[in-house]
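This report concerns only the one structure given below.
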Amino acid sequence: MSSSNPITEVSPADAPERGAAGAAFGWALLASELVVLFRRRRTIAMLLALALIPILIAVAVRLSSNEVSAGQGPPFLDRITQNGLFVGITALVVAIPLFLPLTIGVAAGDTIAGEAGLGTLRYLLVAPAGRVRLLLVKFAGAAAFCLVATLTVVITGAIIGAILFPIGPVTLLSGDTISVADSVGRSLLIALYVTVSLLGLSAIGLFISTLTTVPVGAMAATIVVAVTAQILDALPQLAWLHPWLFSHYWLGFADILRQPILWDSFSDNALLQGGYILVFGALAYGRFATKDILS
Amino acid sequence: MSDHPHSDGLAIETLELTKRFGNQTVVNAVDLRVPRGAVYGFLGPNGSGKTTTIRMLLGLAGATSGRVRVLGEDMPSRLQQVLPRVGALVEGPAFYPFLSGSANLHRLDTADRFAPGRTRTARVAEALDRVGLSHAATKKVHAYSLGMKQRLGLANALLMPRDLLVLDEPTNGLDPQGTREVRNLVRSLAAGGATVFVSSHLLAEIEQVCTHAAVMSAGSLVASGTLDELRRVGQAFVRLRTPDVDIARGVLLRLGLAPTALDEQASATDVDAATGWTVSAPLTDRSVTPEGIVASLVAANVRVRGFVVDEASLEDRFVALTGEGFDVVQ
Ligand SMILES: Nc1ncnc2c1ncn2[C@@H]1O[C@H](COP(=O)(O)OP(=O)(O)OP(=O)(O)O)[C@@H](O)[C@H]1O
Ligand SMILES: [Mg+2]
């Protein structure tokens, strides 16, 4: 511990000027959040697990001798042998009910509770990160994870599909045929749709994460919420509730596979997810803005 | 600020600061006044409310009632302006175990919007060097020892030049060498003009560097002031070694002191027996000087074989204020 002077580029007396520069959001924290999130071994492991889904599907279909007939197994499964481009989409359909919510639950549940559990939350806040800014950065991190997770499934699917199956123009649900390039665009659009679908759950996870200092608890609770919503969505007696469930449009991306694209489900879904983000974002803010940080 | 004409010179000021958890009052009407430039020791046994007070100073926890002003500004309403000027270590260090020491500091530095990204790498290296961690900079924190984490926590507080450092038990877990280094660090920070507010339950660890101290006990501030002020309140004793016990007691009585003879029976169990002190008296009247006492004793033909004035150590005072028992109060 030498007694040398600290770097005097910014002296404490500059604080008012630093205050004037306060308009800046300070994007470095968001960059740091993304780096910490995606360099973390747990995140990488979850993405690898997601990447395994299309690989398993493609290999299983390739190795099985008997033809998959239409209507058997998950949607689009029967088309994989004709066109490898369907592997990614089939894998998404498989991953949406459980695997994706599982990983989103881990990422979103960890946001605040993870920092609280480590004790780093108090050091972020005395830095000062700003409570609202930290919530925004954490939600942005969770949203980035949704996008990367979805893209992982779609892109791995496209690659393994191209390796194991023929690639060609894709016949859509509407009967039209689109080019390979166009179908890649559609796959990415579906990935975007699924990412947006998961933002409501991310906001719920963020809110739950502000309630506890035990990250595992917040993760589990978020996953339970995701599963419960889907169970409710399956009960015909609760039909009135269905349009309000954040999971209601999760599998509704078939419209993107029509020619021309039907945007209704996309916008309905985006509106619903936006509502969830607003409500649970406000709840998270209400909880976190004045919460005593005692961990 | 108009309602606090005298608070400009204060780095920290609290008014009737109170925190309740449920029906337990953990911090009870604490009035702290920490002058700028002071090295302020914040003492108290386990559970006396030191960390809770510090959390309220830093805006981590809200006060149940009372006011907090830090660096002349109200907290927590001016938190965004105040905290960039404050370096803090709260309830021990906390880091991402899966990141290296320097990556941790980078991460926490990005949280401060006003910390320039340009100089970040240099400032992190400088802070690590200041706490002697340069060689472990790339090591993952989960492989750090307790003392290394403590040092990294200090480095985090030093990432930017600060007007105020709030250090909650900075020597916890450090080896004697590290403890001395922390003392030197505190001295150099104070010499640079910063105010240092440092909590501890080990008085001896900070007594040498503090200019001021406050003592907490069960949530209340039981003493505060400069170290000299605190010592003065404490009792001093004169002790005398002589065979002429009775004459000596008479002399002391005439001087207005209340001597007790440490006779044979009592000294069988008294530690004083070992050192051979035979008369002891609390030095209640400070106008009676030690040399005056000795002169009077000699004038009365007392054979003075030993004479000492025991200033109450701050440690004694600390124990007197907070109680000796081992049990945590609350
Ligand atoms: N989250 C909490 N909920 C309820 N009580 C709490 C909480 N945190 C602390 N306390 C209580 O507040 C009191 C003061 O705790 P605090 O951590 O401030 O003590 P301290 O002086 O820092 O002690 P130490 O020297 O052990 O660090 C204790 O009685 C403790 O039980
Ligand atoms: Mg403490």
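Going from the start of the chain as shown, residues are counted 1 onward.
Backbone N, Cα and C define each Cβ position, glycine as well.
Listed features, source TrEMBL:
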TRANSMEM  A:20-38  transmembrane segment
TRANSMEM  A:45-65  transmembrane segment
TRANSMEM  A:85-113  transmembrane segment
TRANSMEM  A:134-167  transmembrane segment
TRANSMEM  A:187-207  transmembrane segment
TRANSMEM  A:214-232  transmembrane segment
TRANSMEM  A:269-288  transmembrane segment
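Against the transmembrane segment (A:85-113), stretch A:134-167 shows more Cβ pairs under 8 Å than any other of A:45-65, A:134-167, A:214-232, A:269-288. Beyond its flanks by at least six residues, the transmembrane segment (A:269-288) meets 112, 131-132, 135, 139, 193, 196-197, 199-201, 203-204, 206-207, 209-211, 243-244, 246, 248-249, 252 of its own chain at Cβ-Cβ distances under 8 Å. Cβ atoms under 8 Å from those of the transmembrane segment (A:134-167) belong to residues 29-30, 33-34, 37-38, 43, 46-47, 50-51, 53-55, 57-59, 62, 80-92, 95, 100, 103-104, 107-108, 111-112, 124-125, 180, 184, 187-188, 190-192, 194-195, 198-199, 202-203, 205-206, 209-210, 277, 281, 284-285, 288 of the same chain, restricted to positions at least 6 beyond its ends.
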